[in-house]
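A.B. asks: Quick one: structure below, then a few questions.
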Amino acid sequence: MDFLASEWKFFTDPNLKNVLRGQNGFEAAVDAWHQVATWTMLLTALPVFIALMTGISAPYGRYSRAGWGLFMNARFAWLTQELPSPTVFICLLFLYGGGAAILQHPLNSRTVLAAAFCAHYVYRVFIFPLIIRGGKPTPVSVWAMSFIFCVWNGFLQGWSFARHMPADTPVWAPRVVAGLALWLFGWLNVMRSDLTLIRLRKPGETGYKIPRGGMFEFVSAANYASEMCEWSGFALAAGTLPAFAFALFTFCNLAPRGHHHHRWYLDKFKGEYPSRRRAVLPFLW
């Protein structure tokens, strides 16, 4: 209740506009904009979920279709659209969070979680684009939305880590250990699921096959389920509102696409498809 009262007080403060305009100083303005951006992500998550569940699907991958403007190379799209997240995050962390202190305390939870955040994007930005086999072109409009989101989230997590996350929480605190274990499970399975999908077709082959092994034994969208698991663990370990907002938005964005994947598989493979396999949540959905 104290937290909600504090947030309500912030948004009803008659001086808020002046703070946002920078009249109380640069850092106060950034802090205020950070709070606004965090709640924007929280409040837009559910509308995004509803819109995607009702049939709107981003036109890339198997759902690629005309009518979304110009297209760009899939590898280049992955490289450039995800790069802002770690770039903005690292810049804010080192400029405003005391870079030297971070490096001097490697067993601090903030340092370990910062490394975890960056590890995901090292894979997604620098490794994944190199291992995919071509990939269908990505609409520039979809790339632009992903780019903007990554700038937005890089700012949320970076400023939170730099200015608000406790610097004295040990990495062996129970909540941090549990969250990191969940993050690690998700991260490893993101990479495994990607490789499973990439290896489904031999060079020169076309068409779709039923993926098997790992998380695919439980859900149709193992890559999405793994990423949701990854950022849920990150949010648990970090214990911050921006990390929770990121995990919630990730679920609301990826779960509907996984749901549509599942229905697509069921329709395409009919009786061949494993009947016990769910969409994105093992045994549940």
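For all residues, glycine too, the Cβ spot is worked out from N, Cα and C.
From TrEMBL, for reference:
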type: DOMAIN; residues: 137-285; note: domain '3-oxo-5-alpha-steroid 4-dehydrogenase C-terminal'
type: TRANSMEM; residues: 42-63; note: transmembrane segment
type: TRANSMEM; residues: 83-103; note: transmembrane segment
type: TRANSMEM; residues: 112-132; note: transmembrane segment
type: TRANSMEM; residues: 138-159; note: transmembrane segment
type: TRANSMEM; residues: 171-190; note: transmembrane segment
type: TRANSMEM; residues: 234-255; note: transmembrane segment
A.B. asks: Of the listed stretches (83-103, 112-132, 138-159, 171-190), which one yields the highest count of Cβ-Cβ distances below 8 Å with the transmembrane segment (234-255)?
C.D. replies: 171-190
A.B. asks: Would you report the average pLDDT that the model assigns to the domain '3-oxo-5-alpha-steroid 4-dehydrogenase C-terminal' (137-285)?
C.D. replies: 94
A.B. asks: Counting by DSSP, what is the helix, strand and coil composition of the domain '3-oxo-5-alpha-steroid 4-dehydrogenase C-terminal' (137-285)?
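C.D. replies: Helix, strand and coil residues of the domain '3-oxo-5-alpha-steroid 4-dehydrogenase C-terminal' (137-285) number 103 helix, 5 strand, 41 coil.
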